[in-house]
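Residues annotated as compositional bias 'Basic and acidic residues' in TrEMBL: 169-179. According to TrEMBL, the compositional bias 'Polar residues' annotation covers 181-196. TrEMBL lists 1-412 with the feature domain 'Major facilitator superfamily (MFS) profile'. Per TrEMBL, the feature region 'Disordered' maps to 169-205. The transmembrane segment annotation in TrEMBL covers 12-31, 38-60, 66-94, 106-125, 131-152, 223-244, 264-281, 288-305, 317-342, 354-376, 388-408.
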Amino acid sequence: DGDNYKELFGALDNAFLVAYAIGMFISGIFGERLPLRYYLTGGMVLSGLFTALFGLGYFWDIHVLWYFIIVQVCNGLVQTTGWPAVVACVGNWFGKGKRGLIMGIWNSHTSVGNILGSLIAGAWVSSAWGLSFIVPGIIIAAVGIVCFFFLVEYPEDVGCSPPLHHDAGGVTSNEKDPEGVTSNEGPLSISGQSSTDRSDSPKEPVEEPEAISFLGALRIPGVVEFSLCLLFAKLVSYTFLYWLPLYIVNVAHFSAKEAGDLSTLFDVGGILGGIFAGLISDYTGGRATTCCVMLVVAAPMLFLYNHVGQNGIGTSIAMLIVCGALVNGPYALITTAVSADLGTHESLKGNAKALSTVTAIIDGTGSVGAALGPLLAGLISPTGWNNVFYMLIAADVLACLLLARVVVKEVRGWCGCIARKRGYVRT
């Protein structure tokens, strides 16, 4: 109830986001060396504990800012156990062929979680806001216990065959992935090793090669480019996540509740965008090109939303869904299918103990953008909302430019595939 409440909220948000960004770089290293089931369960239970402790501050009548900041920092650190672990688990189960589509559908849980989290928290925000934290904390801890008893890390643990992380070549491979015929083209290039070679990989996780180092993961082709791209893509996404309701209230003059309901449409668009990006990238074999095209289209759509997006409820709904799809589509693809592809890259020579580390590097770099975006929006917004959108458009363009080298290699792979097909026809 103080005049500086915006600054206090900003301090809490940044305490969490900065701790999350820093902790993510460390989390993946532990994720490769510990059983994922134990690691994920521990992180979920601790996340529930610290989230509940934040809410208990209401019932314990705590009014010391440092208590909430410390809880937020701890919460940010323990929540870094989640993303590298879950991407690694899903990556262990699904091979490259339909990974984009499968992970695009699976990744919709992030948007569903945002929507449910808002609804659950909103149920008590006006009566006893402490419950807005305690109830979600109980939920995530309970689901963590469920994961402990039922999560299966590897297909081999239940007698299933491991997935093929690289295409074996041949007609089907060449049609689905243009880079399959040129194994050295692009960061997501396909190995030409035979199925016999792949079958020699160990089935027991304990027998796999030693986990990759942090620097070793950085040397995987494409990791640096996609990490920096995600920094700017996540900057845009999290700026919308934190500032969209306030923008709708100030510009469209909707009530706070209407603005909150409308802002969830951005996440609905994110679900559609993630699935669409995964499907297209599976069909074309071009993860980077798919991201780049969506980012290029997102820039003018953001400009249009700022200028005409508030001209009526119908226009606002349509523009929010489209912008959500274009902004969150590349973000979803990079943090899921691309991370899994790079974590099982052919340069690792069958060593699958890189999924968590690669995922953590990519998402950790992106989390730096997640922390910067809302902060920059808070600094720029007093000068006008137009300037905030110019900042978001510039971030989209930079994200696209950072993938330029990868896109060029993917296009070269496609050109090589077309040339070879023409050669086969002439023969």
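Just so you know, glycine gets a Cβ as well, placed from its N, Cα and C.
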In the same chain, which residue numbers or ranges, 6 or more beyond the ends of the transmembrane segment (12-31), come under 8 angstroms Cβ to Cβ?
39, 68-69, 72-81, 83-85, 88, 211, 214, 217, 238, 242, 356-361, 363-364, 367-368, 370-371, 374-375
Would you call the transmembrane segment (106-125) and the transmembrane segment (317-342) in contact, using three or more Cβ pairs under 8 Å, pairs 6 or more apart in sequence?
yes
List, by number or range, the same-chain residues at least 6 past the transmembrane segment (288-305) whose CB is under 8 A from its CB atoms?
186-188, 222, 225-226, 229, 233, 236, 273, 277, 280-281, 319-320, 322-323, 326-327, 329-330, 333-334, 338, 389, 392-393, 396-397, 399-400, 403-404, 406-407, 410-411
Same-chain residue ranges lying at least 6 outside the transmembrane segment (131-152) that approach it to Cβ under 8 Å
36-38, 40-45, 47-56, 89, 117, 120-125, 158
To the transmembrane segment (66-94), which of 223-244, 264-281, 317-342, 388-408 is linked by the most Cβ pairs under 8 Å?
317-342
As a test: from 38-60, 223-244, 317-342, 388-408, pick the stretch that has the greatest number of Cβ pairs under 8 Å with the transmembrane segment (264-281).
317-342
Contact ranking winner - 38-60, 223-244, 317-342, 388-408 against the transmembrane segment (354-376), Cβ under 8 Å
223-244
